[in-house]
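Participant: Encoded as structure tokens, here's the structure I'll be asking about.
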Amino acid sequence: MNFHEYQSKQLLAEYGIPVPSGKVAATPDEAVDVATSLGKGPWMVKAQIHAGGRGKAGGVKFCKTTDDVKAAAAKMLGTKMSTYQTAGVELPINLVLVTTAGEIVKELYLSILVDRGTKTITYIASSEGGVEIEQVAAETPELIHALNVDFVEGVQGYHGRDFGFKLGLNAKQAGQFASIMVNLYKLFNEKDLALVEINPLAILDDGNLYALDGKFDSDDNAAFRQKQLVAMRDKTQEDETEVTASELDINYVTMDGNIGCMVNGAGLAMATMDVIKLNGGEPANFLDVGGGANKQRVIEAFKLILSSDKVEGIFVNIFGGIVRCDMIAEGIIAAVKEVGVKVPVVVRLEGTNVEEGKQLLRDSGMAIIPADNINDGAKKVVEAVKNAA
């Protein structure tokens, strides 16, 4: 789950990490009220969407007067914005964040994440903030510093001070940096986060460090115990079909192709998409119907796939381990009847009760194309889509 900047800053502030004063507004007049309450300008007005790159897209404005604040908010609110991170998708701007705007002396980068390679929680820091860390890694890798945290010791103040000195901070700032690192570690663990990125972590003209922007990713598997984070979810920023899928507890990701996929198991689902690509097709989605799939779940999965008008064919690839192939077959037959599937459907079944499942499909009288294996199924669905065009 992703979060808006204002939500990220709220969490940072709760854990003692300094952020500029600010508040969100839903109308231009509210934006002016917020600016006035913050005191004398200047201010920043920032569009709240689930994406970076807002500045280049016109979503971050420096304002010297309340008239500027009102104009900036009016230009953003109620519109949609795409950035280099949204892959052409336009996201609605329902809120703007109005904050104080201090003069930036220096921009740093700081993040904390799970490093699967070292199996540790890892900090990444750089003296080059305000730009994409991938760009820094490619052009000046010597400016990036990493710290793998020992699970027993945790992160200590001396880790942060050492990091701070490597970034060129003075003694006072290095102490602040250490405090931020320690608090960030606590936030990361207590909220079950997968990533926290502060970019930039800036030194302002008062000589102190502030988190000017924050990006959070949470571990959805821990959502059951993170009610505060779940309440922050903004479904208007998400793909509508993916939201529906999450409510049904189906793992679904929209893709750009025209061949819908229904598979059980994430690994098999990814392999299925790969084999479709190898056979000249383009998957329209990732869909893991889950090991505990039942008839109704299969029907809902078909509805999700066919909610996209781009889908011109469907490949159902099921390995019956926990789930039974005959039950999947019953779900496919019911789905084709209920949803009114008008595109070619290729089905590959293997595993528990496979013969019973195949017999049900044969006896259904429906134009369902059987496949012997994953490659055969991919070839058949690609061919069927071409022939139907």
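Each position is counted from 1, following the chain as shown.
Positions of Cβ are set from backbone N, Cα and C atoms, glycine also.
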Participant: Given that Swiss-Prot assigns Gly321, Ile322, Val323 to the substrate site, pick the one from Asn258, Asn264, Asn387 that the record assigns to that site as well.
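Facilitator: The one candidate that Swiss-Prot places in that substrate site: Asn264.
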Participant: What does Swiss-Prot list, out of Lys46, Lys64, as binding the same ATP as Gly53, Arg54, Gly55, Gly102, Glu107?
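Facilitator: Record source Swiss-Prot; matching candidate: Lys46.
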Participant: Please tell me which one of the binding-site residues listed here (Asn199, Asn264, Ile322, Val323) sits closest to Glu107 (ATP binding site), measuring Cα to Cα?
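Facilitator: Out of the listed candidates, the nearest Cα belongs to Asn199.
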Participant: Who sits close to Lys46 (ATP binding site): which same-chain residues at least 6 apart have their Cβ under 8 Å from its Cβ?
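Facilitator: The answer is Glu5, Arg54, Gly59, Val60, Lys61, Val96, Leu97, Val98, Thr99.
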Participant: Please give the average pLDDT for the domain 'ATP-grasp' (9-244) in this predicted model.
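Facilitator: Result for the domain 'ATP-grasp' (9-244): average pLDDT 93.
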Participant: Pick the one among the binding-site residues Asn199, Asn264 whose Cβ has the fewest other Cβ atoms within 10 Å in this structure.
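Facilitator: Each of the binding-site residues Asn199, Asn264 was scored by Cβ atoms within 10 Å; lowest is Asn199.
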